[in-house]
(Lines of atoms letter the chains of each structure in order from A; the text may use other names.)
(Lines give C-alpha, C1' and ligand atoms only; values in the text may rest on other atoms or scores of the structure.)
Protein backbone atom coordinates (compact mmCIF):
# COMPACT_ATOMS: atom_id res chain seq x y z
CA UNK A 1 0.00 0.00 0.00
CA UNK A 2 2.90 2.35 0.73
CA UNK A 3 4.21 1.86 -2.80
CA UNK A 4 0.91 3.07 -4.28
CA UNK A 5 1.24 6.19 -2.13
CA UNK A 6 4.81 6.66 -3.36
CA UNK A 7 3.63 6.41 -6.96
CA UNK A 8 0.94 8.99 -6.31
CA UNK A 9 3.38 11.18 -4.41
CA UNK A 10 5.89 10.96 -7.27
CA UNK A 11 3.56 12.75 -9.67
CA UNK A 12 3.43 15.91 -7.54
CA UNK A 13 7.14 16.87 -7.58
CA UNK A 14 7.37 15.76 -11.21
CA UNK A 15 4.57 18.15 -12.17
CA UNK A 16 6.15 20.99 -10.17
CA UNK A 17 9.48 20.22 -11.82
CA UNK A 18 8.01 20.28 -15.31
CA UNK A 19 6.29 23.63 -14.68
CA UNK A 20 9.58 24.92 -13.25
CA UNK A 21 11.42 23.91 -16.42
CA UNK A 22 8.93 25.88 -18.52
CA UNK A 23 9.27 28.97 -16.31
CA UNK A 24 13.08 28.76 -16.18
CA UNK A 25 13.18 28.39 -19.96
CA UNK A 26 10.91 31.39 -20.54
CA UNK A 27 12.37 33.86 -18.03
CA UNK A 28 15.18 36.10 -19.32
CA UNK A 29 17.17 35.86 -16.09
CA UNK A 30 19.92 33.37 -16.81
CA UNK A 31 22.65 36.03 -16.62
CA UNK A 32 22.16 39.30 -14.75
CA UNK A 33 24.26 42.43 -14.26
CA UNK A 34 26.94 42.02 -11.61
CA UNK A 35 27.08 44.81 -9.05
CA UNK A 36 30.77 44.89 -8.13
CA UNK A 37 33.18 47.57 -7.07
CA UNK A 38 32.30 50.88 -5.51
CA UNK A 39 29.81 51.84 -8.21
CA UNK A 40 26.52 50.42 -6.93
CA UNK A 41 24.17 52.78 -8.76
CA UNK A 42 23.88 51.89 -12.43
CA UNK A 43 21.77 53.42 -15.15
CA UNK A 44 20.96 50.08 -16.76
CA UNK A 45 20.53 46.52 -15.54
CA UNK A 46 20.93 43.72 -18.08
CA UNK A 47 19.09 40.41 -17.97
CA UNK A 48 20.02 37.71 -20.46
CA UNK A 49 17.93 34.63 -21.11
CA UNK A 50 18.12 31.84 -23.64
CA UNK A 51 15.44 33.41 -25.87
CA UNK A 52 15.77 37.16 -25.25
CA UNK A 53 17.69 39.86 -23.44
CA UNK A 54 16.19 42.69 -21.40
CA UNK A 55 17.43 46.08 -20.25
CA UNK A 56 15.92 47.76 -17.19
CA UNK A 57 16.55 51.50 -17.08
CA UNK A 58 16.96 53.65 -13.99
CA UNK A 59 13.32 54.74 -14.41
CA UNK A 60 12.16 51.13 -14.06
CA UNK A 61 11.15 50.81 -17.70
CA UNK A 62 12.07 47.44 -19.17
CA UNK A 63 12.73 46.69 -22.83
CA UNK A 64 13.14 43.13 -24.04
CA UNK A 65 14.34 41.96 -27.43
CA UNK A 66 14.43 38.44 -28.83
CA UNK A 67 17.77 37.33 -30.20
CA UNK A 68 18.04 37.98 -33.94
CA UNK A 69 20.43 35.13 -34.68
CA UNK A 70 20.74 31.80 -32.95
CA UNK A 71 24.34 31.53 -34.11
CA UNK A 72 25.25 34.79 -32.35
CA UNK A 73 24.59 33.15 -28.97
CA UNK A 74 27.38 31.63 -26.94
CA UNK A 75 27.68 27.81 -27.14
CA UNK A 76 26.40 27.36 -23.58
CA UNK A 77 23.25 29.37 -24.33
CA UNK A 78 22.64 27.46 -27.58
CA UNK A 79 23.01 24.18 -25.71
CA UNK A 80 20.76 25.46 -22.90
CA UNK A 81 18.01 26.16 -25.45
CA UNK A 82 18.16 22.64 -26.84
CA UNK A 83 18.50 20.96 -23.44
CA UNK A 84 15.59 22.84 -21.90
CA UNK A 85 13.29 22.03 -24.83
CA UNK A 86 14.33 18.37 -24.60
CA UNK A 87 13.62 18.44 -20.86
CA UNK A 88 10.14 19.89 -21.44
CA UNK A 89 9.19 17.38 -24.15
CA UNK A 90 10.53 14.33 -22.31
CA UNK A 91 9.01 15.61 -19.05
CA UNK A 92 5.48 15.84 -20.44
CA UNK A 93 5.89 12.33 -21.87
CA UNK A 94 6.89 11.06 -18.42
CA UNK A 95 3.98 12.83 -16.72
CA UNK A 96 1.51 11.40 -19.24
CA UNK A 97 2.98 7.92 -18.69
CA UNK A 98 2.60 8.39 -14.93
CA UNK A 99 -1.03 9.40 -15.33
CA UNK A 100 -1.72 6.37 -17.56
CA UNK A 101 -0.20 4.08 -14.92
CA UNK A 102 -2.27 5.55 -12.07
CA UNK A 103 -4.47 3.17 -10.10
CA UNK A 104 -7.60 5.24 -10.77
CA UNK A 105 -7.32 4.98 -14.58
CA UNK A 106 -8.40 2.18 -16.91
CA UNK A 107 -5.82 2.67 -19.67
CA UNK A 108 -3.93 -0.40 -18.44
CA UNK A 109 -6.10 -3.19 -17.04
CA UNK A 110 -3.59 -5.44 -15.23
CA UNK A 111 -1.86 -4.32 -12.05
CA UNK A 112 1.44 -5.75 -13.30
CA UNK A 113 1.22 -3.60 -16.43
CA UNK A 114 0.52 -0.51 -14.32
CA UNK A 115 3.58 -1.22 -12.20
CA UNK A 116 5.80 -1.52 -15.27
CA UNK A 117 4.33 1.67 -16.76
CA UNK A 118 4.92 3.49 -13.47
CA UNK A 119 8.57 2.42 -13.36
CA UNK A 120 8.99 3.40 -17.02
CA UNK A 121 7.43 6.80 -16.27
CA UNK A 122 9.88 7.25 -13.41
CA UNK A 123 12.84 6.47 -15.65
CA UNK A 124 11.57 8.93 -18.28
CA UNK A 125 11.12 11.64 -15.63
CA UNK A 126 14.65 11.09 -14.32
CA UNK A 127 15.94 11.35 -17.89
CA UNK A 128 13.94 14.58 -18.36
CA UNK A 129 15.49 16.16 -15.27
CA UNK A 130 19.07 15.58 -16.37
CA UNK A 131 19.10 17.96 -19.39
CA UNK A 132 17.68 20.74 -17.22
CA UNK A 133 20.38 20.20 -14.60
CA UNK A 134 23.09 20.10 -17.28
CA UNK A 135 21.83 23.31 -18.93
CA UNK A 136 21.74 25.25 -15.66
CA UNK A 137 25.09 23.91 -14.46
CA UNK A 138 26.89 24.50 -17.77
CA UNK A 139 25.63 28.08 -18.00
CA UNK A 140 26.54 28.72 -14.35
CA UNK A 141 30.06 27.38 -14.92
CA UNK A 142 30.57 29.71 -17.90
CA UNK A 143 29.24 32.70 -15.91
CA UNK A 144 31.60 31.95 -13.01
CA UNK A 145 34.61 31.49 -15.33
CA UNK A 146 33.82 34.77 -17.12
CA UNK A 147 33.28 36.59 -13.82
CA UNK A 148 36.85 35.86 -12.75
CA UNK A 149 38.33 36.55 -16.20
CA UNK A 150 40.80 39.45 -15.72
CA UNK A 151 40.40 40.54 -19.35
CA UNK A 152 36.73 41.53 -18.90
CA UNK A 153 35.65 44.95 -17.70
CA UNK A 154 33.40 45.18 -14.64
CA UNK A 155 30.49 46.26 -16.87
CA UNK A 156 30.82 43.02 -18.87
CA UNK A 157 30.67 40.71 -15.88
CA UNK A 158 27.46 38.83 -15.15
CA UNK A 159 26.12 36.92 -12.16
CA UNK A 160 23.91 33.87 -11.78
CA UNK A 161 20.28 34.72 -12.50
CA UNK A 162 17.09 33.42 -10.91
CA UNK A 163 16.39 31.13 -13.88
CA UNK A 164 19.47 29.06 -13.06
CA UNK A 165 18.32 28.43 -9.50
CA UNK A 166 14.84 27.64 -10.75
CA UNK A 167 16.34 25.27 -13.34
CA UNK A 168 18.30 23.42 -10.68
CA UNK A 169 15.23 23.10 -8.47
CA UNK A 170 13.06 21.96 -11.40
CA UNK A 171 15.60 19.34 -12.47
CA UNK A 172 15.85 18.01 -8.92
CA UNK A 173 12.05 17.85 -8.62
CA UNK A 174 11.85 15.85 -11.87
CA UNK A 175 14.54 13.44 -10.65
CA UNK A 176 12.83 13.15 -7.23
CA UNK A 177 9.43 12.49 -8.82
CA UNK A 178 10.96 9.92 -11.14
CA UNK A 179 12.75 8.23 -8.26
CA UNK A 180 9.52 7.98 -6.26
CA UNK A 181 7.75 6.44 -9.26
CA UNK A 182 10.57 3.92 -9.69
CA UNK A 183 10.54 2.94 -6.01
CA UNK A 184 7.68 0.46 -6.37
CA UNK A 185 8.44 -3.02 -5.05
CA UNK A 186 6.05 -5.88 -5.78
CA UNK A 187 4.28 -7.41 -2.76
CA UNK A 188 6.12 -10.24 -1.01
CA UNK A 189 3.12 -12.62 -1.25
CA UNK A 190 3.46 -12.86 -5.01
CA UNK A 191 7.15 -13.71 -4.77
CA UNK A 192 6.67 -16.50 -2.19
CA UNK A 193 3.66 -17.92 -4.05
CA UNK A 194 5.61 -18.19 -7.28
CA UNK A 195 8.53 -19.89 -5.49
CA UNK A 196 6.27 -22.52 -3.84
CA UNK A 197 4.51 -23.22 -7.15
CA UNK A 198 7.84 -23.86 -8.84
CA UNK A 199 8.86 -26.40 -6.21
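Each residue, glycine too, has its Cβ placed from N, Cα and C.
Fair warning: this is a prediction, and the values are worked out from it, not measured in the lab.
The feature transmembrane segment is assigned by TrEMBL to 12-30 (among others). Listed by sequence, the residues of this chain that lie at least six past the ends of the transmembrane segment (12-30) yet keep a Cβ under 8 A from its Cβ atoms are 47-54, 64, 77, 80, 84-85, 87-88, 91-92, 94-95, 98, 125, 128-129, 132, 136, 139, 161-164, 166-167, 169-178, 180-181.
Taken from TrEMBL, the feature transmembrane segment covers 79-100 (among others). Non-local neighbours of the transmembrane segment (79-100) in the same chain are 7, 10-11, 14-15, 17-18, 21-22, 24-25, 30, 50-51, 70, 73, 107-108, 117-118, 120-122, 124-125, 127-132, 134-136, 138-139, 167, 171, 174, 177-178, 181; each lies 6+ residues outside the stretch with a CB under 8 Å from one of its CB atoms.
Nonlocal intrachain contacts for the transmembrane segment (121-145), taken as residues 6+ away from its ends with a CB within less than 8 angstroms of a stretch CB, comprise 10, 14, 17-18, 21, 24, 30-31, 74, 76-77, 79-80, 83-84, 86-88, 90-91, 93-95, 97-98, 100-101, 158-160, 163-165, 167-168, 170-175, 177-183. If you look up TrEMBL, you'll see 121-145 (among others) marked as transmembrane segment.
Look at TrEMBL and you will find 165-184 (among others) tagged as transmembrane segment.
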